[in-house]
Amino acid sequence: MIWVAVVITMLLFILVAKPTGIYLEKTFQGSKKLDKVFGPFEKLIFKITGVKEYNQTWKQYALSLVLLNGFMIVVVYFIFRLQGVLPLNPAHIEGMEPTLAFNTAISFMADTNLQHYSGENGLSYLSQLIGITFLMFAAPATTLALVMAFIRGLAGKELGNFFVDFTRALTRVFLPITFMAALVFVALGVPQTLDGAVTAQTIDGAKQSILRGPVASFVSIKELGNNGGGFFGANSTHPFENPGQMSNILQMMLMMLLPTALPFTYGRMVGNKKQGRILFVSLFMVFLLGFITITTSELNGNPALNGMGIEHVQGSTEGKEVRFGTVFSSLYATVTTAAETGAVNTMHDTLTPIGGLVPLVNMMLNTVYGGVGAGFVNIIMYAIIAVFISGLMVGRTPEFLGKKIEGKEMKLIAVTILFHPLLILGFSALALSTSLGTDAISHSGFHGLTQVVYEYTSSAANNGSGFEGLADNTPFWNITTGLVMFLGRYFSLITMLAVAASLKEKTVVPETVGTFRTDNSLFGGIFIGTIVIVGALTFFPMLVLGPIAEFLTLK
């Protein structure tokens, strides 16, 4: 029965992807029906804020994005610092320490949601609503806007206006869907209230304080926006965030909804629907491989315990919730790192070595399917690399969407693809070379190395999940992961927007018999191979020293 439920869940991922992709295309390309519904409200917003609806250059688009995001980071930073004297603080929580406020503000603006604090004890209701939830909408709206400009550039069209795209992402995508999802979560038992904690009496007569809050609205945008941060410290293992299997499946659907839809949106916007389908199918195969790997490893249990003759019919149950079970915990771990969300319904630090390797690889690749917008930019980056390598092998000038890929584009892509591993491995080396970093490690040996690398991988990929055995709420970890999140977020977005702007100016080369097609299974295979060879092998030495070595030790 459990496998039937898994198959149904997978089918739901597939069935909703195309309709959502079509809706996104109509949202950002213009639709008379949608304009009638949302247009008056959006024009009012533009009038109040003084936004002019004109086409921007790629530099203007990128500058608008960075300035708006930077302003939001500063505002929310001061909310966190001053929450102790601000209203809506029934628990009388003190203001955040400076480096923690710095880390948290960047974390949520970068759509990472790395949390070096415990949600229910670290933030007031005002900080949760005005600070955290506000950024949970703004962050994915930023990248959804940018990816639309990116696709327009690839299609040879004007990039559009960042503020217009940003507003439409909020009014036409995130607000309507999260409103409906929040109502469903409330029906499934997720609380939604501004009242303070409830004091309950336990069976043995002791008193227990049960924290609650506006959780349903928080969870809906947490998952849809690929944010991942928890209202509670336990994240989606907490019964108030994720009461049962229905809420668990709904959360996974929300996480996958936009990332899986974007290949179809892309196909329609560039006039090559078949290429969009090829990208979707290719990435789904990689996703399935990851799920099969982690599930097999977790069901086989811990090799060290198996050798002692301990029963493991349910697999490795350490760190997992009984109400979800091993299989759905494995699926959730695959989804949350494939979609770069970072929400967890099981403790990733307790996964088996190979089980923990899958989330780590998903984040290192950052393409299967990646987070809202940012992940799809990486997908196209790998697609262009695949075309470039194929062109070199047959002695032809590489072409993508009928436009020649030349030195300028490849230099930008080369810098972008190297920057991700440089952030992860460079900062990991820094942490391992100083006691400021190593003092946080709770396990010596191979697992300790994995804890460190996982933290920086999660930060660079804007995922936010963690091996929570790492004691990371220190100035060193707050500052370094904050820098990694900021750089990992904005560097690749800006460089790839420059690539799209460069391709926009090029003329379309007529297709010939010798043109390498990017809408067939051959390209799909080369695309997957490029991801594995260029992406995975970059990190292979680290994976050998970390989870693979730990696995061999346990065996």
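A Cβ is built for glycine as well, from the same backbone N, Cα and C atoms used for every other residue.
If you look up Swiss-Prot, you'll see 2-22 (among others) marked as transmembrane segment.
According to Swiss-Prot, the feature transmembrane segment maps to 60-80 (among others), an assignment based on sequence analysis.
What Swiss-Prot records for 130-150 (among others) is transmembrane segment, and it gives sequence analysis as the kind of evidence.
The annotation transmembrane segment is assigned in Swiss-Prot to 173-193 (among others) on the grounds of sequence analysis.
Residues 5, 9, 12-14, 16-18, 20-25, 140, 144, 147, 151, 173, 177, 181, 184-185, 188-190, 219-220, 223-224, 226, 236, 273, 275-277, 279-280, 283-284, 324, 328, 331-332, 335-336, 338-341, 343, 345, 369-373, 375-376, 379-380 of the same chain sit 6 or more residues outside the transmembrane segment (246-266) yet have a Cβ under 8 Å from a Cβ within it. Per Swiss-Prot, transmembrane segment is recorded for 246-266 (among others).
For the transmembrane segment (278-298), same-chain residues at least 6 beyond its ends with a Cβ under 8 Å from one of its own Cβ atoms are 10, 14, 17, 260, 263-264, 266-267, 315-316, 326-327, 329-331, 333-334, 338, 351-355, 357-359, 361-362, 365, 367-369, 379, 383, 518-521, 523-525, 527-528, 531. Residues annotated as transmembrane segment in Swiss-Prot, with sequence analysis given as evidence: 278-298 (among others).
With a cut-off of 8 Å between Cβ atoms, the residues of this chain six or more beyond the transmembrane segment (374-394) that come close are 111, 143, 146-147, 150, 154, 259, 262-263, 266, 279, 283, 339-340, 366-367, 400, 405, 409-410, 413, 416-417, 462, 489, 492-493, 496, 499, 516, 518, 523, 526-527, 529-531, 534-535. Annotated transmembrane segment per Swiss-Prot: 374-394 (among others), in sequence order, evidence recorded as sequence analysis.
Taken from Swiss-Prot, the feature transmembrane segment covers 412-432 (among others).
Long-range contacts of the transmembrane segment (483-503) within the same chain, counting only residues at least 6 positions beyond its ends with a Cβ under 8 Å from a Cβ of the stretch, are 57-58, 61-62, 65-66, 69, 103, 106-107, 110-112, 114, 143, 146, 149-154, 156, 159, 374, 377-378, 380-381, 384, 400-401, 403, 408-409, 412-413, 415-416, 419-420, 423-424, 427, 456, 459-462. Annotation comment: Swiss-Prot describes 483-503 (among others) as transmembrane segment, evidence class sequence analysis.
Per Swiss-Prot, the feature transmembrane segment maps to 525-545 (among others).
Residues of the same chain lying 6 or more positions beyond the ends of the transmembrane segment (525-545) and with a Cβ under 8 Å from any Cβ of it are 278-279, 282, 285-286, 357, 360-361, 364-365, 367-368, 382-383, 385-386, 389-390, 417, 421, 424-425, 428, 446, 449, 453.
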